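Peer 1: Provided herewith is a single structure, encoded as structure tokens, for subsequent inquiry.
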Amino acid sequence: MSTLSSAWNLLERVAYNHGRKAGLTCLVLAILYLWFPIFVVTFMSFAEREVLTFPPSSLTLDWYMVFLENDAAISATITSLQISFITTPIAVALSVLIAYAIDRYVFPGKSILQLVAVLPIVVPLIVVGVAMTIFFGIVGIQASFWTVVAAHVIRVIPFTVLILVPTLVAFDRSLEEASYDLGANELTTFRKITVPNIMPGVVAAGLLAFTISFNEFVYTYFVKDARTQTLPTYLWDQLRQHATPEVNVISVVFIVFAISTVLIAVALTNVERITTHDG
């Protein structure tokens, strides 16, 4: 017993003396593990030679000009933006209603609704992609731009619901009760009281939805037609045919887009906090 106690005390002393260093080391390693591939891709986008080698022998901006002058790449980027701009408001509107129903009402099948709302997160993307292809074929819907939009809505709803349900749970419902006491009906209260107060969550959900839709590949690949080329599917085609540093440039576009979205979300959150604090 004394030997075990001494060993335990030794472990406690080691943890106390070296725990902070070990924690910082693990943090640095985790950051390197996450960001080093991004650094490599970004660095390789400036490679001068067409053959991809790391590190590149010389650097240039020529491949960025190639991307900007590539009509197919620009068209794919515009298509991705169009799909994301259409997908986002549809998905967010449906998610607000789903989250509101989950938070406020008790009804038969509520647990099933909660499960169905988040199920696409845990089901493999390829399984859902195949299922949607089969479904569209059974009901006679031809693959098109709009089947991609429908697929993207299904893709992003689970994530937006997971953001909006906690937002509604944290909302001060006494504001709604005060609105009812003043004679407002449920629809007016929802429109003028609930929605404005949960707007930070709605905006965060919208930004996440837009980002996921812009980056989505698997669902798009299964339900698109030959004329609908998004940036992720264009990138895939380039990788299959002949990978050049332009592929890395496209990857940098995705990285910049994702980081910009996060920065916008953080900025909006900070503005909301300042406004709330001042109010």
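Backbone N, Cα and C atoms are what each Cβ position is placed from, and that goes for glycine too.
Copied straight from TrEMBL:
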TRANSMEM  22-47  transmembrane segment
TRANSMEM  72-100  transmembrane segment
DOMAIN    77-265  domain 'ABC transmembrane type-1'
TRANSMEM  112-139  transmembrane segment
TRANSMEM  145-171  transmembrane segment
TRANSMEM  201-222  transmembrane segment
TRANSMEM  249-271  transmembrane segment
Peer 1: Most CB pairs under 8 Å with the transmembrane segment (22-47): which of 72-100, 112-139, 145-171, 249-271?
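Peer 2: It is 249-271 that shares the most Cβ pairs under 8 Å with the transmembrane segment (22-47).
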Peer 1: Checking distant contacts: for the transmembrane segment (145-171), what same-chain residues at least six beyond its ends satisfy Cβ-Cβ under 8 A?
Peer 2: 79, 82-84, 86-88, 90-92, 94-96, 98-100, 102-104, 117-121, 128-129, 132, 136, 194, 197-198, 200-202, 204-206, 208-209, 212-213, 216, 219-220, 222-225, 227-228, 230
Peer 1: Six or more residues beyond either end and a Cβ under 8 Å away: which residues meet both conditions relative to the transmembrane segment (249-271)?
Peer 2: 38, 41-42, 45, 63-64, 66-67, 73, 77, 200, 203-204, 207-208, 210-211, 214-215, 231, 234-235, 238
